[in-house]
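These features come from TrEMBL:
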type	residues	note
DOMAIN	4-77	domain 'Glycine transporter'
DOMAIN	91-128	domain 'Glycine transporter'
TRANSMEM	31-49	transmembrane segment
TRANSMEM	61-82	transmembrane segment
TRANSMEM	88-108	transmembrane segment
TRANSMEM	115-134	transmembrane segment
Amino acid sequence: MWEILTIIGTIAFALSGAIIAMEEDYDLMGVYILGLVTAFGGGAIRNLLIGVPVSALWEQGSLFTIAIIAMSIAFIFPTLVLNQWGKFGHLFDAIGLSAFAIQGALYATEMGHPISAVIVAAALTGAGVEWFVIF
């Protein structure tokens, strides 16, 4: 179950960053960078703060592949993706945010951190880099 929610969240956050990059007329590299930062940035920051090795980011190969495929489809078929994103984007974004927030809280709890660190880990994982994209 968590795997499915993680995949949905990764796709939603990657598309969110990619769509904003396309709206700002970024090239393909910019679309990929902003999409990947949006999809994985919150978890990377969380990992640094709670002591998970940075190398754990590279152990998510299948999620990177899924994010790249989703962003490529968005770049190749922008009209199709933008129309569907307008209908379902907030739903997928909410699913991703909640799944990632729970994941962050679980990581911090498993590492034996106090409740304040658990709350920060949940918030950073769910929305850590997402707010950078808005501004």
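Here the Cβ of each residue, glycine as well, is placed from N, Cα and C on the backbone.
Residues of the domain 'Glycine transporter' (4-77) grouped by DSSP class, helix first, strand second and coil last, total 65 helix, 0 strand, 9 coil. Remark: secondary structure over the domain 'Glycine transporter' (91-128) totals 33 helix, 0 strand, 5 coil, with classes taken from DSSP.
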